[in-house]
Structures are given as structure tokens and as C-alpha cells.
Amino acid sequence: MKVLIPFYSMYGHIYRMAEAVAEGVREVSGAEAVLRRVPETLPTDVLQKMGAVEPQKAFAHIPVCTVDELAAADAIIFGTPTRFGNMCGQMRQFLDATGGLWVKGGLVGKAGGVFTSSATQHGGQESTILTFHTFLLHQGMVLVGLPYAFAGQMRIDEITGGSPYGASTIAGGQGERLPSENELAGARYQGKYIAEIAAKLKG
């Protein structure tokens, strides 16, 4: 059973969360986690001005995702940073190329979920995941979030990402904050949970 994890990461926060999601997937017997980057749309000179070139070298070895890989997966867990309360443009452009899959019903019945990051605690994490869910529903996918069975969502002793809609992390205004252990635990839980649901759907 293949669980695809397509993500976009500018400074590495979503990449780290994607790794944690993959760790959770691999806890399920017979589940294979496949990490993929979605294509970059920004020119190199713009990325340099944004200070993203060096951070992106850490995951440059991850292959770029293709639309065909979505159809071949048994479950898909998408990772995107928040951009003004929505998914990033790179992810949007990638998803806009899936019209052929929609026509064929290529994603119907597959388990799907989303994880995200934002600069601030209330920077649009939930709206990003919820608006992303619209795509999954149009494709006929089965939505899977991060249930409250993950007790880390109930913590009030620290600032942390995570909601019933999916795992998330807070990066800080300058990207200075790395995902906390609680946030990574949420990502692992979501990865494992979606893989378990996918296994049941696959029969």
C-alpha cells in the first residue's frame, strides 16, 4: 500500500513535518511512505532574495511529484505552508493540473489529508486546511483529519499547532521556529491514522 506525501516547503518547516508524517505511515504494516516535492514556480533570483535557496538544498534530493503518481497512490497526504489563509501558489498550480484525474475519477475513494504551517499562532492554519479540503472533496477523496485521540491537541502548557483538521506547525515571522516535538508527534499520528484508514478502504 502506497501513501504519497506531496509537499511544498520554502524554508524546511513543511519538509520536517512531511518526514514526521512519513514516519507515522511506516508504523502501519505494509504501508510505504513516498515523499515528493511539488514543482517550484518562483525564479531562482526571487528565491535567493527570500533566503530560500540554502534551506531548500536540504530536500533537493526529493523527486518532483507528477500527476500520475497521485493516481497510483492508495492515500495522499498533502503538505503546504499557509499563504494568507490558503495553500501556497506552488501547490495550487500543481493541483490545477489534475483535471484529467477528475474526469476519470482517478482519486475517487482514496484517503486524503492535509498538514500545514504558518508564521503565527493564528495565521490561517485551519482555513488553509479547510479550503484545501474542497479540492479533496471535488476529487471524491475520503477526508481524514487529526482526531482528538491525539492528546497533544489538548495541551495548554505551550504554544502549539494542530487541529482536528490536520497537523500543523508555527514557523515564526522569520522562520526561526522549528516544529516542536508535540507538532511532530501530531504529524506522525496523522500519517499513521491515514495509513490505517487507507488500509481499511483498500480491504
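Even glycines carry a Cβ here, placed using N, Cα and C.
Per Swiss-Prot, domain 'Flavodoxin-like' is recorded for 3-194, and the stated evidence type is sequence analysis.
The DSSP secondary structure for Ser117 (FMN binding site) is strand. Residues or ranges marked as FMN binding site in Swiss-Prot (evidence: sequence analysis): 9-14, 82-84, 117-123, His138.
Neighbour count (other Cβ atoms within 10 Å of the Cβ, all protein chains): 22 for Tyr11 (NAD(+) binding site). What Swiss-Prot lists as NAD(+) binding site is Tyr11.
Feature annotation from Swiss-Prot assigns substrate binding site to Trp102; the stated evidence is sequence analysis. Taking a C-beta cut-off of under 8 Å and a sequence gap of six or more, Trp102 (substrate binding site) has these contacts in its own chain: His138, Gln139.
In this structure the alpha carbons, written CA, of Thr82 (FMN binding site) and Tyr11 (NAD(+) binding site) are 13 Å apart.
Predicted-model confidence for the domain 'Flavodoxin-like' (3-194) is 96, expressed as mean pLDDT.
Around Gly123 (FMN binding site), the same-chain residues six or more apart in sequence whose CB sits under 8 Å from its CB are Thr82, Gly85, Ile170, listed in sequence order.
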